[in-house]
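Contents: one structure, followed by commentary.
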Amino acid sequence: MSNATSAHSVVEPSATTKRIAGIIVVLYAIVTMVPLAWIFMTSFKSPPDSISYPPKLVFTPTLEGYCNLFTTRTRQTPEYIQSLGPPQSTCDEITRSRNMVIAGPSNYWPRFTNSMVIAFGSTFLAVFLGTLAAYGFSRFRVPLADDLLFFILSTRMMPPIAVAIPIYLMYRELGLSDTALGMILLYTAVNVSLAVWLLKGFIDEIPREYEEAAMIDGYTRLQAFRKVVLPQATTGIAATAIFCLIFAWNEYAFAVLLTSGSAQTAPPFIPTIIGEGGMDWPAVAAGTTIFLVPILVFTILLRKQLLRGITFGAVRK
Amino acid sequence: MINSDTTILEKEPERAAASTPASLARRIGGLSDRAIAWLFITPTIALLLAINIFPLIWAIRLSFTNYRANRPNAVLENVGLQNYQRVLTDSDIWIAMQTTAHFVFWTILLQTLIGFSLAYLIDRKFRGHAFWTTVILIPMMLSPAVVGNFWRFLYQPQIGLFNYIVSFITGVPPSSFEMLGSVSLAPWSIIIVDTWMWTPYVMLICLAGLRSIPDYIYEAAEVDRASAWRQFWSITIPMALPFIMLAVLFRGIENFKMFDMVMLLTGGGPGSTTEVASITLKREAFESWRTGRASAFAIILFVAVFGLANIYVKALNRVKQR
């Protein structure tokens, strides 16, 4: 009975159970990583290597995919290429070896910057507005609070295309079509509902007594909010921000329907990357890799907050 | 007890305020609670009204007209319920709804089975489970469009990794089947990617459910000599059920709206075998430019999701109360 003294004694699984569970989970994790590993590997393959049969596991890595991703190229005669001076860069050299010369930068970088501006802009706004509203709902008696909260949440149930039709018309009238501002406002509106719900949960957990003590000490309500509640809610705010950022960063449906040129984000752009005579898969893989890296970094750095946010948001709703 | 404590505390600042001369300055400098409440909530409500509700009302209005967004200057005619009638009697739209239902059913079934099993295994708390949970989580953080686009490459008949692995395991020649191009396999190509991407989400919610079951229940069952099998079916499953149902609800709503992955993988094809409701809606609205009719379809979809979700939430609450 010595086991019974530790808290988990009876329900603690046996060593064998643990080992088998561990093996299955690790196998599953490895299998789900295969597509991502393949994207990463393909981004360093040459176009012929990328479409060889059987698929190549061992290959000579090249930066050709990344060069093709960031440049546009034109085909030239070998004589013309001979007549040029020595290559300016690695990319120059790779391009020339394919009988082509670099004609200029591609649209990838501007699209990537659009993604950054729109994702970070809308995340900031959604979290800012969401924190204020969540505090309002958490601390004050708001008439019809439950109805308003439900209304805020129900806006997420609409299919994006259904929302996109009137938004498309409205933005056309207001001159917001294909502008970063229009996309920021739209993503903020979509995200703010999630932000309010998540943050209300986090703020509800902060004891009111803290603010009240601060107010007795002479703080106004706003000062108490800024200096007592906000620092306490930092974790919640960070988790919410990550969720908003992931949504805005990954969003495709609105982006493909409402942007076409100057404000286009990376997700609708990446599938349009094509090479001569078909898809340039190494370039697509390179674009995908660069696009996925920020989210991967966030996921790994902030996994604890993420886990808490997902389960917490789910359990509350 | 707790309540009476807070009421005393709530009065405290007021009493303090009334007794100190600084209170006047603070009252003027600081805003009243009521003002702050509205100041804090109004911007959010205003934004949602402008970007969500106003367009929705506009869409409702358009759904009764013959408006076409590519001809904004044409005379607007009221057509009454004609758009709704046309949508509801259009066999293509019913086929799209069936396709959607098919997707929702299979993705949810697979994701729930795999997700719950994974959660159960992770809850055995083997060494390193936290690390592997994070690894498993990665696909759901990525962009369905960007990753879906790359799956197109994995699904290539001759050169794709997916076909190669399948042929390696089963011995079928890799170029003998086309995941995206064949009528019978195309729906599965999408179900596979969706399951790959979203099983972690179901797993996380199930994990939260499993962790919410207090140990003493299992301890009591152990004392009663209930078998592991019995414990699983009479404790684990019933107690985790509200969470599983919640995961099903969220995935159901999301997959009912499924658009990006289908658009990138098959674009609704071959033919219209994978044309889900969102794709039909997109075609009506942004390719045929029948804005009025598309709006009617959008409203019908919204009401359907909303209605089904509400019925489901009622069922969920009943399960929770048990």
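Note: Cβ is positioned from N, Cα and C throughout, glycine not excepted.
The feature transmembrane segment is assigned by TrEMBL to A:20-41 (among others).
Marked as domain 'ABC transmembrane type-1' by TrEMBL: A:112-302.
With a cut-off of 8 Å between Cβ atoms, the residues of this chain six or more beyond the transmembrane segment (A:116-136) that come close are 142, 180, 183-188, 191-192, 194-200, 202-203, 225, 229-230, 233, 237, 240-241, 244-245, 248-249, 263, 265. The transmembrane segment annotation in TrEMBL covers A:116-136 (among others).
Within the chain, the transmembrane segment (A:148-168) has long-range Cβ neighbours (under 8 A, six or more residues past its boundaries) at 137, 142, 177, 186, 189-190, 192-194, 196-197, 200, 253-254, 257-258, 317. The annotation transmembrane segment is assigned in TrEMBL to A:148-168 (among others).
Long-range Cβ contacts of the transmembrane segment (A:180-199) within its own chain (Cβ-Cβ under 8 Å, at least 6 residues beyond either end) map to 114, 117-119, 121-123, 125-127, 129-131, 133-135, 137, 149, 152-153, 155-156, 167, 171, 174, 233, 236-237, 239-240, 243-244, 247-248, 251, 254-255, 258-259, 263, 265, 309, 312-313, 316-317. Per TrEMBL, the feature transmembrane segment maps to A:180-199 (among others).
The transmembrane segment feature in TrEMBL is assigned to A:228-249 (among others). Beyond the transmembrane segment (A:228-249), the same-chain residues lying 6 or more positions past its ends with a Cβ under 8 Å from any Cβ of the stretch are 115, 118-120, 122-123, 126-127, 130-131, 135, 187, 190-191, 194-195, 198-199, 201-203, 206, 210-211, 214, 219, 294-295, 298, 302, 305-306, 308-309, 313.
Marked as transmembrane segment by TrEMBL: A:281-302 (among others).
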